[in-house]
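Comments concern the structure below.
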Amino acid sequence: MEAVGVTPAPVAAPEKKKLLDLKDPFPAAANGGAKASPAAKWAMKKKLVGGDAGYVLEDVPHLTDYMPQLPTYPNPLQDNPAYSVVKQYFVNPDDTVTQKIVVHKTSARGTHFRRAGPRQRVYFQSDEVNAAIVTCGGLCPGLNTVIRELVCGLYDMYGVSSVVGIEGGYKGFYSKNTVALTPKSVNDIHKRGGTVLGTSRGGHDTAKIVDCLQDRGINQVYIIGGDGTQKGASVIYEEVRRRGLKCSVVGVPKTIDNDIAVIDKSFGFDTAVEEAQRAINAAHVEAESAENGIGVVKLMGRNSGFIAMYATLASRDVDCCLIPESPFYLEGKGGLLEFVERRLKDNGHMVIVVAEGAGQDLIARSMNFVDTQDASGNKLLLDVGLWLSQKIKDHFKKKPSFPITLKYIDPTYMIRAVRSNASDNVYCTLLAHSALHGAMAGYTGFTVAPVNGRHAYIPFYRITEKQNKVVITDRMWARVLCSTNQPCFLSHEDVENMKHDDDEHHHMHNTQLLEGGSSPVSKCNGSAAAV
């Protein structure tokens, strides 16, 4: 837990004089003459603070934004025996975390987020808190650790004695009873995979969920899930605010694919990469033991190939890594099949790692497949592992003098169903503690995660606006190509276009921050900026 910082003088609420809120992001003229709904307005309302040298703080909402008369209380941590040896209990209220740490001497200071950690004053008394925890979406190593540390942290650090679990994801709010959670009941759950609360996709009904929060007197809700779940959490926050409820809505980002934007990485990712090594090692043993042996391993990675990329780098036994961000083709000069044949002639065996989202356009064209979606709105993927294995077999059937032995290994769901490893357990603990510190301090409508190694409170819109993807014009992907000695399967024109698109994206985001657009801040001069 991050509890480093100077102890400030008592403050009643976050400073507001520099806040730059958008007054009306949906003027009637731009909306067909009709005013947008209050919820839609809140969705676009952003707390932005300008400072010297291009400093911009993308702040998170606070309960006092719409309940300005809320009383504050001393933080119970100052009387906690466990913290008696801590030199500085509380985070300085002015501490922020920079999004970009590699800069030039002439660079603007850029975007910052509010630093996570305990505050000197809190907005909830211990016996007042009625907290709820819910897990949504797919499984991920570490879910139970986050649940455990939220419960134990609330009990042990803040003296909270009322924490409930929502079973079965979002729909559990209105279709199931809650389950009481205590330090005793969650004591050993971190030793298991999955989630003790159960999970599901879809089922988001904002009105019913907020009705449940209101009827049950829940005033802190911790929502653990991926980008789709965080979008749902954002809508819940908007409705809570519209109703004027004293309820902190906090997100804990979760995705096995590591595709959530802004944050350093998602919990469970290290465990997934480690578990993937077992499948790659098995594929290598099978391939090495046979004449012209080929091992094909399919790993998770719907739209982002981070697991495949890092597992490949960690293994060093992989000859080819295929990810969604890097197109490839099978036939012809420079194609994948030509490379497979050449590698077998050179080494006598090879291992291919393919992310589940790779090559989907190729498969769809070959099968005349029409896109369909699951309950979360995700595109249903075709099995690239089976398809690729069959294409390789068909290719070598035409070469009777070149027999192959191909083994296909699919550990897709095995790598996410295991318990979290030691590093992920520590990470989950820090996430949970940072989340509950934020809720107790009155912050709401945010998600918590490390940015450049420091835990921060990030507005929902920043992690839901786009997915994090492997940048194949970056050095990390070049390291993979050096490790596997595979071709990039891209033309020079493709690479230049990708560089251009990436530069345009960064320029557009910076322009929006400094000049307006979707992030309504004009150029920052001095201590404040005007909308």
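Placed from the backbone N, Cα and C atoms, the Cβ positions cover glycine too.
Here TrEMBL gives region 'Disordered' for one range in the set 92-113, 180-201, 224-245, 510-531: that range is 510-531. When the alpha carbons of Gly138 (ATP binding site) and Thr255 (substrate binding site) are compared, the span between them is 8 angstrom. Gly226 (ATP binding site) has its Cα within 10 Å of the Cα of these binding-site residues: Thr255, taken from Thr255, Gly301, Glu356, Met414, Arg416. Cα of Thr229 (ATP binding site) to Cα of Gly301 (substrate binding site): a distance of 18 Å. Recorded residues Gly301 (substrate binding site) and Asp257 (active site, proton acceptor) have their alpha carbons 5 Å apart, per Cα-Cα distance. Asp227 (ATP binding site) has its Cα within 10 Å of the Cα of none of the recorded positions Asp257, Met414, Arg416. Here the recorded positions are Asp227, Asp257, Glu356, and the one ringed by the most other CB atoms within 10 angstroms is Asp257. Of all the binding-site residues listed (Arg201, Arg416), Arg416 sits in the most crowded Cβ setting, with the most other Cβ atoms within 10 Å.
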